[in-house]
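Report on the following structure.
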Amino acid sequence: SVLIAMNCDDQYSMDHYRLWGGYLGSPYFPDKKNSLIPSSTRSNRVNFAMVRWAQRDLFNFYGAGSESLYSVQVNDYLAAGQTTKYFEKLLAQYDNKVLNEFTYVNIGLENDYDLGLYKSEIKNVYKSLKANRDKFNFHPISMADFGVWFMGFYPESSPTYFYSAENSRVVPPNLATTPGKVFWYQSPFYRIGFWSDGGRTEIIDFRVYNREIYEDYFATPNQSTSLYHEIPAIIDSVKYPGSAGVLFFAMDSARIVRSKQWDNWQISFELDGKTLTLEPDKIIFTGFTVPEMNSNDLQVNTSKNSTVWEVSPHTPFKNTSRPTWIFWLIVLIVLLLVVKKTKKSGKPRTPQYLALGLVVSLIAGLTLFRNGLLYPYGMGFWGPNGHDAIFHLSIIEKFAANPFSFSHPQIAGENIANYHFLFDFISGVIVKVSGISSLDIYFRIFPIIIGITIIFLLDKLLKTWQYSRPERLLAITLAFLAGSFGFLPKLITGQDFFAGESAFWSNQSVSIFLNPPFALSIAVLLLFLTVIARSDSDAAIQFKTSLLPLSLLGAFLAQTKIYAFILLLGALLFSRKYRLFFGVLFLGILISLPFTVFGGPSPFIFSPLWFPRSLFASFDRFYWPQLVSAWQAYEASGNFFKLTLVNLFALLIFLFGNLGLRFLGLIEMAKSKSSSLSETIARWIVVFGLIAPVLFVQNINPWNTIQFMYYSLFFLAIYSAKFLSRQKIYLLLPLLLLFILTSVGTLKDYIGYFSASRISYTELLALEKLREQPKGVVLSPLFSPLSSRGIYAPKPLYSYISTAYISAISGQPEFLSDTINLDITGFNYIERSRDMQRFYNTVDKKWAVDFLSKSRILYVYETPLKKIKLDPKDIQLTKIFDSGEISIYKFN
């Protein structure tokens, strides 16, 4: 029922909005993903005509200020000092029927203007239309009727248009005219504008229409009072003065030759053996040199006498996964070799543990797989990936750029310290060697590789523990999918039955891949225990000969996950393996010393029962204000008996709530005896993993010590499998369902349409531009919770939380970012944060320049939430990217 729609013609900054780069003054079929892009086929078009309101003066509109007042709209051109005579010249501009199948002019007045102010000129306009009807062969038509005609005349693609125009302005006596001529060619594939005068021609505007890039507000609302909607440009001499490309070819003197190709036009300019040909999807230059074009949107082909620019739309960060085919080929070859080997040995074609393990690890991988891909709202990040994954990607990009430098990408000038970075280092080296993007390594390749590794090692270890095949298969399932009792408090409060994974604080098994260092440390621990199990059982391998490799393997945990390292040391000590304990301790300290900064506060604080107490006081946990009040009252009154009962009750709720049905694993541990040294070590890891968070919290971020418990939950899932395997089938199935309830709810949060956070297409273009620049420190606004509070999800990462997304995606180091992890690792950044805030708010030019110079900052980044108050030119900043919302400047 919709036949036609109307949007404003191009304007750069008037009325606080920018519509820039679409079809100039010409009807088209809008693309389904972007209303400024003309469709190229019936399948990608919205089936109604889109016309432009207030069609512009094709010569004078192109500017950053009030130039858009030069239009056919009465109130516009009167405000620009023009008259009815000027309006008639614009009619002549849009006539151009020799080079177009038809032209169109939209006449009207916006209804919020006072008709009395413009009544006289409106009469003049209609008199002019009547007087010039025969001259321009006008056919007055309503918008609805035009929509019907347009859809019938162009059944497939939007048409191509070509315009040439001279300065039509009626010039006041004291204002000189701009000489020359402009030419605009626009097809469904690109738009290009030329200015030519006296033998010199400049490409003043050139942009390729990319149908894969959704407009910014396609899926998310615009919450700003300003509107920025534009097509990214190869050349935009308004936005970037001096960027015009020079052609030594006199277009204003050349002969114009046209030829039709279906709905599109081919236009050629011929002069003195030189030819410039504009085709719908390419531009051909013959007989003269052209400016060099370094654009991802063009394929440049050069021969002896000609150059061809063929449009090739580029979507930022879309093709990051192309090199991964090598990885998948290797995986396929390995799997085929395994199948071939097992077939020869008479075993089943595919080991059951491998098949089941792949299924459950792929299910757990749903928390990662969809992240870092492109959606209608941009690049999506679900759950904690908007912060935690971004942190790791930032470190990975740093090591990918230079594996032998430990400079910190989130606080320029400092080195990485007090952090276990083995996972990031390995990933960075793989990125550098393979060419595979860090996004694919982190979100898609690592989960599969580490999942297969954990499955393989766990199966091998459990065989040494005398687990039967059904017990091993069940253990693998629970190791990845077991959950907590978190659904109970959610059920009590009337919430989703499948919710509550971390209602009792600890993340559960299904979230294993959300913490890659944890997943890697599990693999290292399993390998450590498997080697010990073989040394313990194989007479050919003496334990003493395994001491050094085992010590080295255990020591690597210090740079893989410090919590695993501490638990392993405790387990070895209480298992009375003193040589191995001291070997792991010595090598672990040796490996960590170069990356440890001393002199700060202790990383751990003795704070018994912090987790159980905060559990009932936190709105997002098991909120129970009456219990918290009673607890405080008993403490204040000195009622130690009741206080002891409350403490004991809270402790039990905390432990059993997190364990879920894995408390059955505790029963199994209590009933059975350890069959080997490796199992003894695993049992001590379980014990210490449960005790540590009850007694200690981490400095700055106390909840981090809950990660000790992750290891207990992993190994208790194994013992729970042993217990469950002895149950009858009618009891086993309901128990398994209870085991995985919260895991179902967790996975549901990662398969929805909208992610929690995102990077818009526009900002991806900005980050890609920054990535292409020489290495240099980036200054970006400090995260502001107050400014970000009202922004809808999926939130842009600049409004999500303090993250290192600029360094993670662009690969450029940042002056200061992700203050959350800087707090955890003990960096003092208070002075930096003050300087950052002062820079964006200052009007002191000298201080701003001195600050940029002293801090060795090369790039300054602006978001919609924070702009610098000074004029960038006054502090030696040159614009290298500008979308109205995101701007990047280079410090000279």
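Cβ coordinates come from backbone N, Cα and C, glycine included.
Any TrEMBL annotation is an automated prediction that lacks curation.
According to TrEMBL:
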- 323-339: transmembrane segment (TRANSMEM)
- 351-369: transmembrane segment (TRANSMEM)
- 441-461: transmembrane segment (TRANSMEM)
- 473-492: transmembrane segment (TRANSMEM)
- 512-535: transmembrane segment (TRANSMEM)
- 547-574: transmembrane segment (TRANSMEM)
- 580-598: transmembrane segment (TRANSMEM)
- 644-661: transmembrane segment (TRANSMEM)
- 681-700: transmembrane segment (TRANSMEM)
- 706-724: transmembrane segment (TRANSMEM)
- 729-747: transmembrane segment (TRANSMEM)
Contact ranking winner - 351-369, 473-492, 512-535, 644-661, 681-700 against the transmembrane segment (441-461), Cβ under 8 Å: 351-369
Long-range Cβ neighbours of the transmembrane segment (729-747) (under 8 Å; 6 or more residues past either end): 363, 366-367, 477-478, 481-484, 486-487, 496-501, 508-511, 660-661, 720
CB contact flag for the transmembrane segment (473-492) and the transmembrane segment (644-661), at least three pairs under 8 A: yes
Chain residues in Cβ proximity to the transmembrane segment (681-700) (below 8 Å; excluding those fewer than six residues from its ends, i.e. six or more beyond): 505, 525, 529, 532, 563, 566-568, 570-572, 574-575, 577, 601-612, 651, 654-655, 665, 669, 674, 706, 708-713, 715-716, 718-719, 823-824, 826
Distal contacts, the transmembrane segment (351-369) - CB-CB under 8 A, six or more residues away: 338, 342, 382-383, 385, 389, 442-444, 447-448, 451-452, 454-456, 459, 469, 472-473, 476-477, 480-481, 509-514, 746-747, 750-751
